[in-house]
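TrEMBL has this to say about the protein:
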- 1-23: signal peptide (SIGNAL)
- 67-109: domain 'Peptidase M16 N-terminal' (DOMAIN)
- 264-436: domain 'Peptidase M16 C-terminal' (DOMAIN)
- 599-690: domain 'Peptidase M16 N-terminal' (DOMAIN)
- 754-888: domain 'Peptidase M16 C-terminal' (DOMAIN)
Amino acid sequence: MNLVKKTIFLMLLASCMIQLTIAQQKYEWKEAKSGGYTYKYITNDPMQARFYTLKNGLTVILSVNKKDPRIQTLIGTRAGSNNDPKDHTGLAHYLEHLLFKGTQQYGSLDWAKEKPYLDQIQGLYDTYNHTSDAIARKTIYHQIDSVSGLAAKYAIANEYDKMMTGMGAQGTNAHTWVEETIYEEDIPSNAIDKYLAVQAERFKDPVFRLFHTELEAVYEEKNRGLDNDGRKSYELMLSSLFPTHNYGQQSTIGTVEHLKNPSLKAIREFYNSYYVPNNMAIVMAGDFNPDYVIKKIDEDFAYMKSKPVPEYKAPVEAPIKAPIVKEVVGPDAENVMIAYRMPGALDTKSSVLLGVVSEIMNNGKAGLLDLNINKAQKVLSASAGVMGWKDYAVFQLSGKPKQGQTLDQVKDLLLGQLEILKKGQFDETLVKAIVNNAKLAELEGLENNNNRASSLMDGFIKHRGQNWQSDVSYVDNMGKVTKQQIVDFANKYLNDNYVLLYKRKGEDKNIEKVEKPTITPVEINRNDQSAFLKKVDAMPATPVQPQWLDFDKDIQKGKAGLADVLYVQNKDNGLFRLYYRFDMGAWNNKLLPLAAQYLQFLSTDKYTSEQISREFYNIACSFNLSSGNENSVITISGLQENFDKAVSLFEHLLTHCQANEEALAALKGRIAKSRTDSKLNKGNIMKGLANYAMYGAKNPFNNALSQADLDGVTASQLTDILHSFGNYKHTVIYYGPKSMNDIIAAVQKEHVIPATWKEAAPQQKFEKIDQTKNQVLFANYDMVQTEVNWVRNSEVYNPDNTALVSMFNGYFGGGMGSIVFQTIRESKALAYSTYAFYSTPDKKGARYSTVAYVGSQADKMNDAINGMNELLNDIPRSDKLFETARQSLKQDIETERITQDGIIFTYLADQKLGLQEDNRKKVYEKIDKITFDDVKKFHDQELANKPYTYCVVASDKRVSLDDLKKFGDVKVLTLEEIFGY
């Protein structure tokens, strides 16, 4: 390091090194009584969580946050793939699916008539499970399909989703992982009684109806995993790290063989064993009265009976004495992974040390990998991270190679940084900065109910919440860690005891696809309702009054020189976010995104790039320059007490950054490799196809610098752009605790605003094209599944149609209770993922688009396309479902609270659409006036019997182009046509 620069930097560091107030808080369990119930809590817990244990052993954890009239709810059981029977892996996961199917009270038209068929189906599956002869199995499955059709006549599909949608729930979902199965709902604060009534019934005596169609959805999920190189790498890494523990021997989805041989009897036994109150928790975070909620939970779940839970006796894995080398082959980009087996979450001291080690290696700004590898551009990308469970954790290093770089070279670079850690060759002040930034992240996380609930549920899964004091004091305990402890820990656990996994590009010839069974579409009885649903709908709920934004009152507007200032005060904490928003982007100048990327690698006349990154991390602040198609945004955020330092340092970097040809050459090389890798990703390919369908051959997706143009860019061109960035017209946006006058004064002091704005280059225009006839755009990709997108451009944006469009989307294709999901997945079992919606543009004068999607097995492609086409041409009528969609939309608006800087960005988005006031008010006033006939007329005018462009990503070895010709003229696109390079 240059001696002068080093001296200046050390002086700067000494003058402005900060410490968040980290007084060593006292975290102790205490007991209190309220509302007739005793609960425990931890002193100085920022979530102020209450921990209840009911008489039957059910754990209830409540955290009040009055910010929005909504509640994040989680119901979890301490059972996942780790607990699956050895001969039925994947069982916990498809049980999760089945717990959306209802009970004797809901999901059924006539339980007495439905039950005999379900009993018969269970017996047939047991026979099927114990039959090996292929012809006999086919005969039995035909019987299963036939009886399932009879049973389905008495089933009401998606009643659970209808009830949740009707009460205004959002984010209806569930997930199964290693040691957990969690059921998720985000509900309005006035829906507590309805929510608890439904959940109490849900877990009382679930009925496993519509099983063979739901199992087919799990097959689709398995096939998606077989097409995912990342998932294959993850599973092989775990199986190598844990050769005897279920962490590595039982995947969440399960084996193909076990999925082909399900047992309803085994599912019921699993449910009865693990879904018991002493193994479950209800977590709620949000706006509610905890005294009322705990009483209701106790009343509604009192039927649950405690019983002993089977204990998984975790084996102690033998030490790994030499690197274990594995390889995964697939079409996606190459990478390398190094994984270590570490102590689990129950070892709290090791968990803290492991967290510190991970942050020292990679914190996104000033870690060893951040500065020595990523900033130095020695690889395409490098990262480190931790996955933690009860018995063991995994510490992982990952890297992607540059062009011409081998995976072994990447591996050596990663291990080299680990050696630096083990030798203690890092500044001890980094640990203090890690603690500062962890405190900052903790403060930000408290604003979000989902973060609160997830943290509390994670504590229950790992230690029943009994060690919550360690979780709450985690960051404080990080601050107590010494450098020597870190070095000793790293040398103890991070040696040649790792799994080395190479992900190489190639054809995986060992993929075992789950074959398509013959399934007859089943009745879904969408127009029927159970008595239980009617009862829940009739339960009283105090209306939540919607709140509209008043842009004139909610936003303060001012001037900092020529620049408009938009201001909203943060009254909650000491955090700030400052933005400079420019109305120019890549469509004005293709070099802007490149210049934005380049900035992070540049030094100034005073500081090196590494020093700047360290300093921002030390003061718990961050900066970012991003350039999209039409806008560029500079963001500076962090602690208000360091506002001046952060803004001053960024302004210095932007206006004094020095050209560095070596850094640019490395960046060009990494961009070239990223472009190559992007062509190997099916998601990117589909995005390119959709843009091609929407805009034509020249479109926003492939509007990139040619390789020749990229090669010709000079460092001085980019620094000239950066130096003059502030001379272009921009808006100053601030959200933070300081007054508007103080902020304007600070911005005028630190931020250079010219006397006149520099004119930006004219913006390149991209217009959506008309679809005049059916066309198929096909891209070949080595995969098991087939993915199809429908694209059709429509009318010009009209704000008067917003309510109608919202109603159409909610009813037709916007969720699990929609017509599309019910038909494609629930009735016909043609896809795991499917949707359709009428997409609203983001600016005045732009056009709407219809977008639909199905991801299915290749052998179901024709059926899937025909199934979606039927819905696009003829919208089924269900008055009950339509009313549910109406109530859901109303409640979404009633409980939505746009706050913080979201107020400003909503204002800017509305302005772009030509709106001068909060348009939600007009939408809300129109919702009750919209009829099904209005929606049908809209569907007939905009979607039905219209030409579409079908975007298909699939393997040409698994689908027939002749089949695709049935749907339109087929155009096979090359990757160069799709990506533009």
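Heads up, the Cβ atoms here are built off N, Cα and C, so glycines get one too.
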Across the domain 'Peptidase M16 N-terminal' (599-690), average pLDDT on the 0 to 100 scale: 97
Most Cβ pairs under 8 Å with the domain 'Peptidase M16 N-terminal' (599-690), selected from 67-109, 264-436, 754-888: 264-436
Folded-back contacts onto the domain 'Peptidase M16 N-terminal' (67-109), same chain, C-beta under 8 angstroms, at least six residues removed: 153-161, 163, 170, 174-190, 192, 195, 199, 201-211, 214-215, 217-218, 246-247, 250-255, 258-259, 262-263, 266-267, 270-271, 273-275, 279-288, 309-310, 312, 389, 447, 449-450, 452-454, 456-457, 460-461, 464, 525, 528, 530-533, 544, 816, 894-895, 897, 899
For the domain 'Peptidase M16 N-terminal' (599-690), residues assigned helix / strand / coil by DSSP: 55 helix, 15 strand, 22 coil
Residues of the domain 'Peptidase M16 N-terminal' (67-109) by DSSP state, where helix covers H, G and I: 11 helix, 10 strand, 22 coil
Counts by DSSP class (helix H/G/I, strand E/B, coil) across the domain 'Peptidase M16 C-terminal' (754-888): 49 helix, 37 strand, 49 coil
